Amino acid sequence: MWTPRAPPPRPALLFLLLLLLRVTHGLFPDEPPPLSVAPRDYLSHYPVFVGSGPGRLTPAEGAEDLNIQRVLRVNRTLFIGDRDNLYQVELEPSTSTELRYQRKLTWRSNPSDIDVCRMKGKQEGECRNFVKVLLLRDESTLFVCGSNAFNPICANYSMDTLQLLGDNISGMARCPYDPKHANVALFSDGMLFTATVTDFLAIDAVIYRSLGDRPTLRTVKHDSKWFKEPYFVHAVEWGSHVYFFFREIAMEFNYLEKVVVSRVARVCKNDVGGSPRVLEKQWTSFLKARLNCSVPGDSHFYFNVLQAVTGVVSLGGRPVILAVFSTPSNSIPGSAVCAFDMNQVAAVFEGRFREQKSPESIWTPVPEDQVPRPRPGCCAAPGMQYNASNALPDEILNFVKTHPLMDEAVPSLGHSPWIVRTLIRHQLTRVAVDVGAGPWGNQTIVFLGSEVGTVLKFLVKPNASVSGTTGPSIFLEEFETYRPDRCGRSSSAGEWGQRLLSLELDAASGGLLAAFPRCVVRVPVARCQLYSGCMKNCIGSQDPYCGWAPDGSCIFLRPGTSATFEQDVSGASTSGLGDCTGLLRASLSDDRAGLVSVNLLVTSSVAAFVVGAVVSGFSVGWFVGLRERRELARRKDKEAILAHGGSEAVLSVSRLGERRGTGTGGRGGAGGGPGGPPEALLAPLMQNGWTKAALLHGGPHDLDSGLLPTPEQTPLPQKRLPTTHPHAHALGPRAWDHSHALLSASASTSLLLLAHTRAPEQPPVPTESGPESRLCAPRSCRASHPGDFPLTPHASPDRRRVVSAPTGPLDSSSVGDDLPGPWSPPATSSLRRPGPHGPPTAALRRTHTFNSGEARPGGHRPRRHAPADSTHLLPCGTGERTAPPVP
């Protein structure tokens, strides 16, 4: 019998949850909240550019929304590259909340280029001229490239007047075709270095050098060892090389499917290409290495997706770049900031190479004795063994062509990230750094921008004496930069309109320039006025831009200020400064714009999994138990039906019929006890082919017990013995087999219409049949004339019907001859007719199951021979066949 399983003890489940919580807490240490959060109402005070011109407070009526692509700051002037337009905006301090352009250049695609673009299947909004390259070529010239309806074009413009200088030139390999594609570009020594795609389908990625006095060079075309779906992020010039930062699919991890890694590649400025045989008009100095930004441990946790890179800055006397990395979109959300020393970057390019000997093999380091000399990737120059790169031996050029990847990765300073943030909603994608913050210019502030314009401000303290490690970074402030009232609401602009394009520091004005597709917002780097009136809040903010003045105000401190102030960026105790009503940290840190720690995310996921597993276990157990309970109840019902009638194990049909006639229903009385009426008890016993409705809907005494199966009616099968005796009355015990043969022969030539009529019930009358005595069947089951026999129910194909064979003499008094027979056998019938005074040849003997009923009243007269009921031997159909009586 099924018994429900006991639920697991609750203390064990709680202990498991607490253990998992502690493990996740150890894996993802909780991150401190910001010391302050700027109120959102301060956004309305930030100046914003939305395309307004001189003398206009708002853009002209009917003007399109901006679609900004590039922003370039040159001294106190900001150039904004838009769709079909180029704006010049002055950044002089102003009390106005509106930034207006002083000059505007309209640069649209010509109709023929638009028509060709539309013919290529592009949308009308894509067939425009999007400014994708915006550079300062010299002190007075701007170099601008636009997508020009998927036919890139470049031109030079005067920086002061925005007038065209010279003719337009092709933008192929200088500017992407699609405005959604990433690209980088810079000028170095009068030469343009670009990283983009060179075709309409964006398949051929390239690092390209053009303009200047040196030949144009490019990377090897369609070689996955050089590039595999790169996404270019930034480019910097340092020493005799130009460094390109990008991310791509790593070919060295091709056995792990698509793994994105961050790279840095470099080329020599003075490279002139290879020989006519190898690498002609292609880079001979191109090498690339992996950038390693990971959390150390037994198994490093990598931040592989490069998002943004700063220029080369000096930190502690070292040339350093800061880069923002994030996790892949299908991983735990998180971002990190790592710093890289350019000297270490250069050292990696002097290390070992990595190679793949066959397409199926893994990548392995190249032994040093197999590296040719001079070293591949070096910058050939006058005074060296080879004066130019095109003079290098083919062995070196071939090695460079097939071995562009370095074996070692570039380590980050301190071998760990300087800043790690785990965000649930938006990753960090932009970075700006101020290495001269504070009144003495000796503090480093890092601004990190998220995808939707939220900026996080950190104070970092590099320690140059200990391998470039940094102490714990201090999360100073969190503030918003996107103005929905001017740049568009999130519902209308969507994620695209709120995407942060660039974040640039304007140290002269003490602000940040945050560019979005529809606007540019200038945000102050600090909000010191929030702490005015409370010395503890001002000093406790640890903000290098803020100081406490003697007049009781918190003021903004510019580099080199001569004002008197108090400041403590080391985070010393402020307990002696008294308390302030409404401490800012407590009042403003509650709302963190949806930034959720990974601790909560992982803990919730684990808890949901455990609870779901427990609930699922209980549910499965309950359903299994329910099925067992139903099966047990079904067995009990069957036993109750079979055991109906008290202590008797089985009720025969005749006994049940007698109880019906007498009105006793067993334990419960006449159909009123627990057993219910006999019809209800007998209905479940009916098998396929028996009409239960006819049984249950009959009259109170219409139950024919002869129609129901009983154990007496289904004896074991009897073996039939062959016989050839022509006289049935002399066969004795073998008459059954002989009658079966006769019935089979008759059934093939005759069709008998069965007629079954019911007669009123009469009391049973004893009758004599030779030496035996029995009770005749009721009228409903007796033959009214020699051709009528009891009707038997239609048999199911699965039902086995066996009746007892006749063994005694035939009772001639049981059949009347007053009615004519409906069927006469042929004269050749093998059944003999009895003489006027002869006895019957056989007696129809019924089992006691057929004796429940009443006999037909009247005298007993000699009758013709009647065969036994052998209908079970005939085939089933719409009507059953019965052996005819002997005339």
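Cβ from N, Cα, C; glycine included.
The model shown is predicted, which means the values in this text are computed figures rather than measured ones.
Residues or ranges marked as signal peptide in Swiss-Prot (evidence: sequence analysis): 1-26.
Across the topological domain 'Extracellular' (27-605), the model assigns an average pLDDT of 89. Residues annotated as topological domain 'Extracellular' in Swiss-Prot: 27-605.
Per Swiss-Prot, domain 'Sema' is recorded for 32-525.
Neighbours of Asn75 (N-linked glycosylation site), defined as other CB atoms within 10 A of its CB across all chains, total 7. For Asn75 (among others), the entry in Swiss-Prot reads N-linked glycosylation site, with the evidence type sequence analysis.
Classification of Cys127 (disulfide bond) by DSSP places it in coil, neither helical nor stranded. Per Swiss-Prot, the feature disulfide bond maps to Cys117-Cys127 (among others).
Mapped onto three states, the DSSP output places Cys145 (disulfide bond) in strand. As annotated by Swiss-Prot, disulfide bond applies to Cys145-Cys154 (among others), with the evidence given as sequence analysis.
Mapped onto three states, the DSSP output places Asn156 (N-linked glycosylation site) in strand. There are 18 other Cβ atoms within 10 Å of the Cβ belonging to Asn156 (N-linked glycosylation site). Taken from Swiss-Prot, the feature N-linked glycosylation site applies to Asn156 (among others).
A C-beta separation below 8 Å, combined with a sequence spacing of at least six in one chain, links Asn168 (N-linked glycosylation site) to Ile153, Cys154, Ala155. The feature N-linked glycosylation site is assigned by Swiss-Prot to Asn168 (among others), with sequence analysis given as support.
What Swiss-Prot records for Cys268-Cys379 (among others) is disulfide bond, and it gives sequence analysis as the kind of evidence. Neighbour count (other Cβ atoms within 10 Å of the Cβ, all protein chains): 17 for Cys379 (disulfide bond).
The feature N-linked glycosylation site is assigned by Swiss-Prot to Asn292 (among others). In this view, Asn292 (N-linked glycosylation site) is surrounded by 21 other Cβ atoms within 10 Å of its Cβ, with every protein chain counted.
Around Cys338 (disulfide bond), a 10 Å sphere centred on its CB holds 27 further CB atoms from the protein chains shown. According to DSSP, Cys338 (disulfide bond) is assigned to a strand segment. As annotated by Swiss-Prot, disulfide bond applies to Cys293-Cys338 (among others).
Contacts of Asn387 (N-linked glycosylation site) defined by a Cβ separation under 8 A and a same-chain sequence distance of 6+ are given as Ala380, Ala381, in order along the sequence. According to Swiss-Prot, the N-linked glycosylation site annotation covers Asn387 (among others), on the basis of sequence analysis.
Asn442 (N-linked glycosylation site) falls outside any helix or strand according to DSSP and counts as coil. Sequence-distant contacts (6 or more apart, same chain, Cβ under 8 Å) of Asn442 (N-linked glycosylation site) comprise Gly436. Annotation source Swiss-Prot lists N-linked glycosylation site at Asn442 (among others).
Annotation comment: Swiss-Prot describes Asn463 (among others) as N-linked glycosylation site, evidence class sequence analysis.
The Cβ of Cys519 (disulfide bond) lies under 8 Å from the Cβ of Val48, Phe49, Val50, Leu66, Ile68, Arg483, Arg486, Cys487, Gly488, each on the same chain and at least six residues away in sequence. The disulfide bond annotation in Swiss-Prot covers Cys487-Cys519 (among others).
According to DSSP, Cys546 (disulfide bond) sits within a strand segment. In sequence order, Ala526, Cys528, Tyr531, Cys538, Cys554, Ile555, Phe556, Leu557, Gln567 are the residues near Cys546 (disulfide bond), counting only same-chain partners six or more apart with C-beta under 8 A. What Swiss-Prot records for Cys528-Cys546 (among others) is disulfide bond, and it gives sequence analysis as the kind of evidence.
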Look at the disulfide-bonded residues Cys293, Cys487, Cys580 and tell me which residue has the greatest number of other C-beta atoms within 10 angstroms of its C-beta.
Cys293
What is the Cβ neighbour count of Cys127 (disulfide bond) at a 10 Å cut-off, with all protein chains included?
21
Measuring Cα to Cα, tell me the gap between Cys127 (disulfide bond) and Cys145 (disulfide bond) in whole angstrom.
15
Please name which of the recorded positions listed here, Cys145, Asn292, Cys293, Cys534, is nearest in space to Cys379 (disulfide bond), Cα against Cα.
Asn292
Which one is it: of the recorded positions Cys117, Asn156, Cys268, Cys534, Cys580, whose Cα lies the shortest distance from the Cα of Asn75 (N-linked glycosylation site)?
Asn156
Once the chains shown are all counted, how many other Cβ atoms turn up within 10 Å of the Cβ of Cys528 (disulfide bond)?
20
Pairwise CA distance, Asn156 (N-linked glycosylation site) versus Cys145 (disulfide bond), rounded so that it is a whole Å:
9
Check the Cα distances from Cys338 (disulfide bond) to each of the recorded positions Cys117, Cys268, Asn292, Cys534, Cys580 and keep only the ones within 10 Å.
Asn292
